[in-house]
């Protein structure tokens, strides 16, 4: 128990997470409901459940019919019959040799032809997912990123730190959270929790583990920024990143319906948006460390900002 407590103190070291002359006791004294609280992060789980339900509804009743109208087929590959022995062999080996097929046929009292047919169906089932399924997944993400970007821009438009990032540091950590910012953070956090859960049910892609790690790291960054009251910086990062994801998902949708010219045009738009936001606004315009170091001394009359 002492070792766990020691590791906890190392991880939450004030010199790592907080600026000079600030400690966790000051953060803990902010007990008013208008301040970011660590317990707020639990609300992301019911938000994730709601988003999963909304996703199920819009994919089934809106995006699936839309994909079919655009020429995608709704036929499903024939599912291999449930068989624990064959499933275990398939997962363990992937490519099964003829000798193994003979052993499985003898064990299950099946013909070798029947074993081979099952393996073909199982391979098709795993490696050739429907373009329609991919289209509906990208359509959902496109809808979410578009909505949250517009909501984030609308929410941040009248905030001082949106136009001048020095206000991310003025009066820190005395930054009260308004309802619109609270919902913006919880919806974004809930979305990444929902992606983490649904990834095990979605079409399995080659970058499955990379995206899983990406979602976990994103959740950690959002949670830490909220816990340390760095949510002003977090909102700027969110709105910048959502911007480039919109044309990315549109490009995928165009690719799945087989429209090459539209795909190329949208990819060009995505490249410009990604370079402008991720390589321009994010590292250069933001300049958080420079902003913090260039702040006037508290005795010079720092403007109050709530």
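We number each residue from 1, going along the chain as drawn.
Using the three backbone atoms N, Cα and C, a Cβ is placed for every residue, glycine included.
According to TrEMBL, the protein carries these features:
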DNA_BIND  88-130  DNA-binding region
DOMAIN    86-129  domain 'Homeobox'
TRANSMEM  41-58  transmembrane segment
TRANSMEM  181-200  transmembrane segment
TRANSMEM  212-233  transmembrane segment
TRANSMEM  265-284  transmembrane segment
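Counting Cβ pairs closer than 8 Å to the transmembrane segment (181-200), the top stretch among 41-58, 212-233, 265-284 is 41-58. Remote same-chain partners of the domain 'Homeobox' (86-129), defined as residues 6 or more beyond its termini with a Cβ less than 8 Å from a stretch Cβ, comprise 77-80, 203-204. DSSP labels the residues of the domain 'Homeobox' (86-129) in these numbers: 35 helix, 0 strand, 9 coil. Per-residue pLDDT, averaged over the DNA-binding region (88-130), rounds to 78.
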